[in-house]
Amino acid sequence: MNHPAARLDARLAPRLAERRQAGLYRCAEALEDYDGATAVRSDGQRCTVFCGNDYLGLAADPRPARALAEHARRQGSGAGAAHLVTGHRPEHEALEAELAAFTGREAALLFSTGYMANLGVVTTLVRRGQAVAEDRLNHASLIDAVRLAGGRPRRYRHADPTHLAQRLDDRAQLVVTDGVFSMDGDVAPLPELAAAAEATGAALVVDDAHGLGVIGPEGGGSVPATGCAPERVPVLVGTLGKAFGTFGAFVAGSRTLIDALRQWARPYIYTTAPPPAQAAAALEAVRIARAEGWRREHLQALIARFRSGARQLGLPVPQPAGPRTPIQPVLVGPSATATAWSAELDRRGLRVAAIRPPTVPAGTARLRVSLTACHSEEDVDRLLEALAAAARQAPPTLEAPS
């Protein structure tokens, strides 16, 4: 037991056992042969996937894959260095230019992940002790970013501009919010949040990971979808691994903002640049997403079908106002109930992950249904039937808010 690894394991084992006992233990299963809507499980059975983020079905589209293969042959499998050393390539510059144009901003900067992009933004713009207002349901990366920056978080009630205004004063530097909230699928009231921020001189930062490509004209995201002018959101964060089906993230804004991030954003400076071939694939995916509006139209039709069916069946699915997103949570309450529902759906060949604490508050465990443009009406109907069966077997104890 004197071995360092054994001592470390001895400290970790009780924590892992406690997590298993609480029904919160997590594990990953390798799925194969993903085609945008279905995949093959580890037991060899094909299942329909309703819990991914590939909203437009571009992860399995052959065109970004061809771009990736072509540029990998020309540029190799990796960048070989950080952007500011020798890792920056023409593919990165082309993608940044496309993203700036797509979002209506002067410039954009690539990051390896959305988590790193949020860390880079907040740690660059906030100094230790400065106040930052944040929605209480923000993504973990935004919450962690404020902590790591040494900022003083001022949380306001979810999507509540009035409470935000009460929490703000002229010492607050930033207001940070998700554009589309990843666990509830609702959209932030951006014009009202912007007005509250502007009243005290704070800058509004929007992480639109789940909105870009999906809602708004040409998939422009939550900013145009809510009627908010781009200049009222000085900092926009987006990801490339969700609606665009590839990998990576970016920040879009003024040239001055992007220059500042290039100088001081440690997650950008101290990491290897994304593979150039990956940037080429993302560029192709963004162009496809902008051009092929039928993907969003079909997706919206599926969302409407699911919401209508859930309402008719009495399923606990929230029906919030505002733009409709592919994230449709089915609220059940206890973690054990969510796990039982997920297992029943899995038995029927439908993969929907149970979302449990600490990802969501205690007592609000759910199945987070995510629809994609590759699903069919028949897929949605089969999902609704399975959810109704799961509800009969293990009734939910949490009613969905209206």
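Glycine residues also receive a Cβ, built from the backbone N, Cα and C atoms like all the rest.
Features as listed in Swiss-Prot:
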type: BINDING; residues: R26, H139, T359; note: substrate binding site
type: BINDING; residues: G114, Y115, S182, H210, T239; note: pyridoxal 5'-phosphate binding site
type: MOD_RES; residues: K242; note: N6-(pyridoxal phosphate)lysine
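Features recorded in Swiss-Prot, as mapped to the structure shown.
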| residue | record | contacts (Cβ under 8 Å, 6+ apart) |
| --- | --- | --- |
| R26 | substrate binding site | none |
| G114 | pyridoxal 5'-phosphate binding site | S141, D207, A209, V237, G238, T239, G241, A249 |
| Y115 | pyridoxal 5'-phosphate binding site | S141, D144 |
| H139 | substrate binding site | N118, D178, S182, D207, A209 |
| H210 | pyridoxal 5'-phosphate binding site | N53, Y55, D178, G179, V180, F181, S182, G185, K242, A243, T325, P326, I327 |
| T359 | substrate binding site | M183 |
For the residue listed as 'N6-(pyridoxal phosphate)lysine', the three-state class that DSSP assigns: coil
Neighbour tally for T239 (pyridoxal 5'-phosphate binding site), based on other Cβ positions within 10 Å of its Cβ: 24
Three-class DSSP secondary structure - Y115 (pyridoxal 5'-phosphate binding site): helix
Other C-beta atoms that fall within 10 angstroms of the C-beta of S182 (pyridoxal 5'-phosphate binding site): 22
C-beta crowding around K242 (N6-(pyridoxal phosphate)lysine), within 10 angstroms: 28
Neighbours of G114, Y115, S182, H210, T239 excl. site residues, C-beta within 8 Å of centre, pyridoxal 5'-phosphate: H139, S141, D207, A209, G241, K242, A249
